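Visitor: Next up is a structure, given as structure tokens.
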């Protein structure tokens with residue numbers, strides 16, 4: 001996979017040289033190219049911003065440097081590029097909320113281009129124009145505002161790159177974590193390691209009992225409980241057809257009942273057992 005990142009703060013992307021993402025680049029699994037937006041300016045001050053039409057606070061990034069920068073990227077495609085071109089990812093507080101499902105979708109692409117806005121964002125005509133040429137996804141990390149898109153690029157890149165074959169040593173671990181499709185997008189169950197007892201807190205006995213079926217059942221139950229109490233919005237989207245009788249019983253205890261293609265909360269919530277010392 002190739003990633004092109006257009007930014008005015010290339011130093012911000014240096015953490016991509018570390019840890020598993022850095023190793024993936026060294027192994028040829030990932031090709032990250034950071035491009036300086038200011039290289040596409042034509043005044044001695046290398047200006048990339050100006051005041052917004054209609055007034056208002058702050059400055060807006062000009063379309064001309066962005067047009068030249070993105071055109072230069074598109075003119076240099078990788079050999080395995082999709083005939084439709086790259087997916088242009090624009091971090092923005094007005095974009096779709098980035099999820100694990102979005103990470104999976106982007107990980108299937110051979111080429112991503114990131115446009116890192118600053119100040120009050122990028123002139124709206126840039127996204128409008130490139131929607132006619134490539135696939136564009138405006139993406140938000142959540143309901144808050146950052147100073148620029150670089151932090152979002154770091155997060156999205158890590159979420160996407162770790163899904164590429166060979167980046168994570170044990171690929172099975174990708175299916176045993178929060179939001180994994182293989183576990184219906186539920187939050188991950190509580191996890192424990194040695195010692196068995198620490199500061200008066202014991203590992204649940206079922207995990208040390210050697211009964212693998214019981215362990216898997218406990219993990220599923222705890223995933224359901226944790227999701228119900230911490231992310232009810234996720235649980236509401238759980239497909240009842242994916243639930244067995246035990247799942248339905250656990251959810252009923254928590255006040256959740258099937259409702260069409262999802263679940264509906266209709267009772268009093270039960271405390272998250274992972275926050276207690278109970279097995």
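Every residue gets a Cβ built from N, Cα and C, even glycine.
The annotation S-adenosyl-L-methionine binding site is assigned in Swiss-Prot to 117, 141, 142, 143, 144, 145, 146 on the grounds of sequence analysis. Sequence annotations record features per position, and here Swiss-Prot assigns region 'Disordered' to 256-279.
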Visitor: Run through the Cβ atoms and count how many others sit within 10 Å of the one on residue 144 (S-adenosyl-L-methionine binding site).
Guide: 7
Visitor: Which entry in the list of binding-site residues, 117, 142, has its Cβ near the fewest other Cβ atoms, using 10 Å as the limit?
Guide: 142
Visitor: Only counting partners 6 or more residues apart, tell me which same-chain residues put their Cβ under 8 Å from the Cβ of residue 145 (S-adenosyl-L-methionine binding site).
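Guide: Looking at Cβ-Cβ distances below 8 Å from residue 145 (S-adenosyl-L-methionine binding site), excluding near sequence neighbours, one finds 93.
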Visitor: Enter the number of other CB atoms within 10 angstroms of the CB of residue 146 (S-adenosyl-L-methionine binding site).
Guide: 15
